[in-house]
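Trainee: Below are the features listed in TrEMBL for this protein:
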DOMAIN    9-109  domain 'HTH hxlR-type'
REGION    169-190  region 'Disordered'
COMPBIAS  170-183  compositional bias 'Polar residues'
Amino acid sequence: MDDAYRSGCPINLTLEVLGDRWSLLVIRDIMFGNRRHFRELLQHSEERIASNILADRLRRLVDRGLLTREVDPTHKQKAIYSLTEMAIQLVPIFAHMGAWGRRHLPVSEELSIRAELLETGGAELWEEFMDELRATHCGKKLPAGTTSVLARLTEAYFDVVARNRHDQSLRNTTLAPQPVTSARKTESKP
């Protein structure tokens, strides 16, 4: 066992790699949000990660083999972050964490719809999604005609967002103050 770790327990070791507040959220945003650049990860973080923390977590995740960092061929000053096989194999863990959170915590509908779909889709959907991630991040080939799991998850998210906006619009319309009309006539002076 490496002296840098507290013990050889697999749960301890996993927590030492992924157990801080931000590492899994960075992987989540790359995995489910397809955010591959630093600026995308920073600007679209639901949890508002600070730039110094994001830079540190990206470096740690690369150093620990969960991400790779390559120069973006379209812009030499940008880096593209990709999931490795080690990170892709976290899909079932994300599915279980999402299911647990949906059952026990006050989640929002729009941010939990993907977790719901992953839970109901089960291991078969997780495998499809992992194959898609391998194609996107590791260069593996997908069979022709494969439908995108990420596209289905993203579409479900936007459907919920649109429905909630529509519902809110209806509530605002029905709850909006109505103009007050006076029943009495104003008298005109001669």
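Using N, Cα and C of the backbone, Cβ positions are placed for all residues, glycine too.
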Trainee: Would you mind giving the whole-number mean pLDDT across the domain 'HTH hxlR-type' (9-109)?
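Mentor: Mean pLDDT, the domain 'HTH hxlR-type' (9-109): 97.
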Trainee: Please spell out the DSSP helix, strand and coil residue counts for the domain 'HTH hxlR-type' (9-109).
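Mentor: Taking each residue of the domain 'HTH hxlR-type' (9-109) in turn, the totals are 58 helix, 15 strand, 28 coil.
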